[in-house]
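Undergrad: Sharing a structure here in structure tokens format.
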Amino acid sequence: MKLVLKISGKFFDEENIENFISLRNTIKNIVNEGHRLAIVSGGGSTARKYIKIGRELGVNEAHLDLLGIWASRLNAYLLTFILSDLSYMKVPENLEEFIEKWESEKVVITGGFQPGQSTATVAALVSEAIAADYLILATNVDGVYDKDPRYNKDAKLLSKLNTETLKKILETSQSVKAGTYELLDPLAIKIIERSKIKVIVMNYKRLNKILDIIHGKDIGSIIEPM
């Protein structure tokens, strides 16, 4: 099975060593079972910090995007070094380079590719390029909710939904400014739909459950492409 794991930048913000150990052990188990894996990392608070400073000083959005991309690559290199016995040691900087490195049979870890593109879009592009069986979005919530759980205590977790439902949920909460992407942006959804990529949203504190997903168990929210 081929998997793409998109790890939210919030994973890195927590600086929780146990989370990193769990991730490393999980990836080793996935590889030992004979599965292929690519990882895409978000930029997290490191990206937001530099983007905030740059924006206040008048830096344009394209250059702010570059700051976010470099922050996401820094996080990607951290994972690359943690998984040095399994991973390709150079973080790809574009899709062509990723495809080339994928042929190495190693775990390929990347961050952002280009301005105007979220790391969620990168994850969707990578999933499309390798014909992934699943794109797994590991974030700080248990799945997709019918409304933003940060601000609505009555928000309900949706175990299954399609991309049309997801678009309606995200309509009022998304921004296209650098450093503000959440979950999936419109371009990522478009790629998911055109290539019929199955997406799973789960909490990164449950990364040890990825093998359960591979073995057919429902974890988090499953998003079916329309």
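Including glycine, each Cβ sits where the backbone N, Cα and C put it.
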Undergrad: Looking at UMP binding as recorded in Swiss-Prot, which candidate out of ASP65, ASP133 goes with GLY43, PHE113, GLN114, PRO115, GLY116, GLN117, SER118, THR119?
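TA: Candidate listed by Swiss-Prot for the same site: ASP65.
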Undergrad: Starting from the UMP site formed by GLY43, ASP65, PHE113, GLN114, PRO115, GLY116, GLN117, SER118, THR119, give every other residue of that chain whose CB sits within 8 Å of the mean position of their CB atoms, in sequence order.
TA: GLY68, ILE69, GLY112, THR121, VAL122
Undergrad: Quick check for the class: what is the C-alpha distance, in angstrom and rounded, between SER8 (ATP binding site) and GLY43 (UMP binding site)?
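TA: One finds 8 Å between the Cα atoms of these residues.
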Undergrad: Restricting to the chain of ASN140 (ATP binding site) and a gap of 6 or more, list residues whose Cβ falls under 8 Å of its Cβ, or answer none.
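TA: Those within reach of ASN140 (ATP binding site), by Cβ under 8 Å and sequence separation of 6 or more, are SER8, LYS10, PHE11, ASN203, TYR204.
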Undergrad: What whole-number Å value do you get for the CA-CA distance of LYS6 (ATP binding site) and PHE113 (UMP binding site)?
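TA: Taking the Cα atoms only, LYS6 (ATP binding site) lies 14 Å from PHE113 (UMP binding site).
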